[in-house]
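Residues annotated as substrate binding site in TrEMBL: Arg18, His19, Gly20, Glu21, Thr22, Ser23, Trp24, Asn25, Arg52. Annotation comment: TrEMBL describes His19 as active site, tele-phosphohistidine intermediate. If you look up TrEMBL, you'll see Glu77 marked as active site, proton donor/acceptor.
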Amino acid sequence: MSPASPHGEHIAEVVVVRHGETSWNASRVIQLARRLSKEAKPAAVYSSDLKRAAETAQTIAAACDVSNLVFDQALRERHMGDLHGQKFDDAVKSKPEAYKAFSSGDRNQEIPGGGESLDQLSERCVSCLNAIAAKHKGERVIVVSHGATIEEICRHADPTSSARRRIPNTSISVIHVSADNRHWILEKVGDVAHLNVNEKNKGFLQSAFGGDGASA
């Protein structure tokens, strides 16, 4: 029998995790996996196929004794086009048009070089989570992804959410998704209660555009 969600047979509990960085915060990943292993067992673990997310997902799946581990490109970080891998401080001069597009505040604005607009990113990751929820009615699942992608997921669940820049590495956000009407409820954002004090104070890992994706 599949692990049940405590929120009803038509509601999927989606636990969204921002990946860890193996060379920078391996201890954070271990603390995260330990916490999740003590909570209700997930029916599956889904993850971006990029390296850091995939490694985090594998650690979580092993700790939770879950064999159903699925990698999905739809959970990747936002495609940053010409800004990908550029350091924040250098982008203004080295890629001015791309930086202008990124900074425009227009959700329909694509980034030169094949980069996604925020609306395109939202459509991609929201569609993916709706599909996951439809497969896991009444179950708990874990989804491992990246900073900007998770920000868009939280924004869709609650447009008033101040999730932007509140998603530290190895943090947990929880969303309840109705598989029947695709109604989302944001229950938790950027939770790092599993980390010790020193790890919490380290904050965020990202020094370049597409920082998560650049760590592929």
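Heads up, the Cβ atoms here are built off N, Cα and C, so glycines get one too.
A sphere of 10 angstroms centred on the C-beta of the residue listed as 'active site, tele-phosphohistidine intermediate' encloses 29 other C-beta atoms. Across the structure, His19 (active site, tele-phosphohistidine intermediate) and the residue listed as 'active site, proton donor/acceptor' place their CA atoms 11 angstrom apart.
When other Cβ atoms within 10 Å of the Cβ of the residue listed as 'active site, proton donor/acceptor' are tallied across all protein chains shown, the result is 28.
The local packing around Arg18 (substrate binding site), expressed as other Cβ atoms within 10 Å of its Cβ over all shown chains, amounts to 27. Summarising the environment of Gly20 (substrate binding site), the number of other Cβ atoms within 10 Å of its Cβ, over all protein chains shown, is 27. In this view, Arg52 (substrate binding site) is surrounded by 28 other Cβ atoms within 10 Å of its Cβ, with every protein chain counted. With respect to their backbone Cα atoms, Gly20 (substrate binding site) and Glu77 (active site, proton donor/acceptor) stand 14 Å from each other. Put simply, Glu77 (active site, proton donor/acceptor) is 10 Å from Arg18 (substrate binding site) when counted between their Cα atoms.
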